[in-house]
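Quick look at what TrEMBL annotates:
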TRANSMEM  15-34  transmembrane segment
TRANSMEM  40-60  transmembrane segment
TRANSMEM  72-91  transmembrane segment
TRANSMEM  97-118  transmembrane segment
TRANSMEM  130-150  transmembrane segment
TRANSMEM  156-178  transmembrane segment
Amino acid sequence: MGTLLQTIKQEVKNWWLLVLTGILFILTGIFTFAYPVSSYLALAIFFGIAILFGGLFKIFFAISNSNEMTGWGWTLASGIIDTIIGGVLTWNPAVSAVVLPFVIGFYMVFAGGSLISLGTDAKAIKLSGAGWTITGGVLTLLLGIIILFYPAAGAATAIMITGVAFLLTGITYCLIGFRLKEVKKLLKNLTHPHPPNHSSS
């Protein structure tokens, strides 16, 4: 019992990184809908910064949980790819006019795979909300495939799909992050219970 509790307790450390990543992606999604095609260059830079920091957060989360997460390699790979893509978009935004839909499409495919892996790990420890995480990952992956196979749909359509994908990914990361926080609080109460209060009548 003690070993199991310790394993799950290690699983949920740094849960706040997932929430922070989720908030970052939600803000990116809102920005996308607020300024859809007014400045393609500005959107590319904003996407780049968001993906860059999101990737760094995921790398740190994966490494810090490498001994406990069965799918930590997926999260680490996704974080590395995010960091590379984010760096390219941030420091070379001019290439985005032609390449951005493809870059975002590939990014969403890998982000979806990362969410599916994270949801599978959450399901393995009976964490509520794991099914929603897997569903969010599948939908994100499908949105990425749509962007990749239909780039001719136009910049506006691609950006709108990207906005939906960022919102979906962000909400899913926040959901799983807060669920992990609840588990950590529960385990803390189980491993460090409050002594009973024996009051004399």
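Every residue gets a Cβ built from N, Cα and C, even glycine.
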_Against the transmembrane segment (97-118), which of these stretches has the most C-beta pairs under 8 Å: 15-34, 40-60, 156-178?_
156-178
*Would the transmembrane segment (15-34) count as touching the transmembrane segment (72-91), if touching means at least three Cβ pairs under 8 Å and pairs must be 6 or more apart in sequence?*
no
*What same-chain residues lie close to the transmembrane segment (130-150): Cβ under 8 Å, and 6 or more beyond its ends?*
101-102, 104-120, 122-123, 157-158, 161-162, 164-165, 168-169, 171-172, 175-176, 179
*Which residues, given as numbers and ranges, are at least 6 beyond the ends of the transmembrane segment (156-178) yet have a Cβ under 8 Å from it?*
15-19, 21-30, 32-33, 36-37, 43, 47, 50, 100-101, 104, 108, 111, 115, 118-119, 122, 127, 129-130, 132-133, 136-137, 139-140, 143-144, 146-147, 150
